[in-house]
Amino acid sequence: MEIITFAQRKILMGFRTIEPADEDTLAPSEVAASGRAVAKVRRRSGTARIIARTLLSELGFPPMPILKTRLGVPIWPDGVVGSLAHHDTVAAAAIAQRKNIEALGIDIEPDEPLPDGLIELIATPKEQSMYDLPLLRRRDLFVLKEAVYKAYFPMHHRMLEFQDVEIDIGSRSGYVPKAHCAFSVDLLSSSTSVIGLAYKVPLHGAGTRFAFPDGPRSNQARTSVCPLAHPQFGRG
């Protein structure tokens with residue numbers, strides 16, 4: 001699997017297409033934890049865990065089950081933070097050592113326009129004035145807010161709505177105003193998918209300040225990664 005690194009090589013991320021029989025790679029305890037999930041759900045879960053186990057091996061960990069808490073948060077080895085994600089055809093995972101990254105979230109979506117009527121649900125009024133319509137119609141804000149939520153929830157155990165998170169793609173920042181909590185974010189794209197990554201570096205000293213620039217803009221701050229058309233590329 002090809003592995004992508006971020007944040008001065010402190011975060012490892014991988015993704016790959018979901019393949020038939022990926023569900024057969026699940027450990028018995030992972031199968032048991034999935035309950036009555038249908039085969040396609042187990043398959044997506046299996047793909048994400050194939051990636052996660054490969055990434056963990058890069059940190060020196062042996063193959064191991066990746067179970068979930070009763071709240072659905074993946075359970076990682078001591079000293080590791082991570083996140084899993086998938087859509088119908090592609091899955092992804094990201095991990096880091098906790099000493100370097102305090103919180104980490106990843107999400108992946110098809111690189112397609114949002115369904116009609118969702119812009120007002122996802123984008124805050126400030127974001128709607130900040131970004132132009134072509135960007136608002138993409139899934140960029142959606143995938144970044146999902147990633148922020150997945151980094152935020154294991155730390156605070158509180159639910160978030162889309163309106164609770166504000167994203168500045170240009171400065172690669174995500175902010176939860178009601179919790180005074182900021183995350184760094186990265187946006188990536190392949191030939192088929194858009195990926196959001198959110199993470200928090202342990203702070204030693206003053207906290208992060210967050211502010212929006214003035215005026216609407218169209219932000220193209222995606223990073224292109226290898227297209228998923230190559231069969232050897234890792235799948236989540």
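Each Cβ is built from the backbone N, Cα and C atoms, and glycine gets one as well.
For Arg49, Asp107, Glu146, Lys150, Leu160, the entry in TrEMBL reads CoA binding site. Residues annotated as Mg(2+) binding site in TrEMBL: Asp107, Ile108, Glu109. According to TrEMBL, the feature domain '4'-phosphopantetheinyl transferase N-terminal' maps to 35-96. Taken from TrEMBL, the feature domain '4'-phosphopantetheinyl transferase' applies to 104-174.
Location within the structure of each feature annotated in TrEMBL.
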residue: Arg49; record: CoA binding site; DSSP (3 states): helix
residue: Asp107; record: CoA binding site; DSSP (3 states): strand
residue: Glu146; record: CoA binding site; DSSP (3 states): helix
residue: Leu160; record: CoA binding site; DSSP (3 states): coil
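Within 10 Å of the C-beta of Asp107 (CoA binding site) there are 25 other C-beta atoms, taking all protein chains into account. Listed in sequence order, the residues Ala85, His86, His87, Ala92, Ile106, Arg139, Phe142, Val143, Glu146, Ala147, Ser193, Val194, Ile195, Gly196 complete the 8 Å Cβ shell around the Mg(2+) site centroid, once Asp107, Ile108, Glu109 themselves are left out.
Between the binding-site residues Ile108, Leu160, the minimum number of other C-beta atoms within 10 Å of a residue's C-beta occurs at Leu160. Figure note: comparing Cβ neighbours within 10 Å for the binding-site residues Glu109, Glu146, the maximum is reached by Glu146. The CA atom of Glu146 (CoA binding site) is located 9 Å away from the CA atom of Ile108 (Mg(2+) binding site). Mean predicted confidence for the domain '4'-phosphopantetheinyl transferase' (104-174): the pLDDT average there is 96. Taking only the Cα positions, the spacing between Glu109 (Mg(2+) binding site) and Lys150 (CoA binding site) is 14 angstrom.
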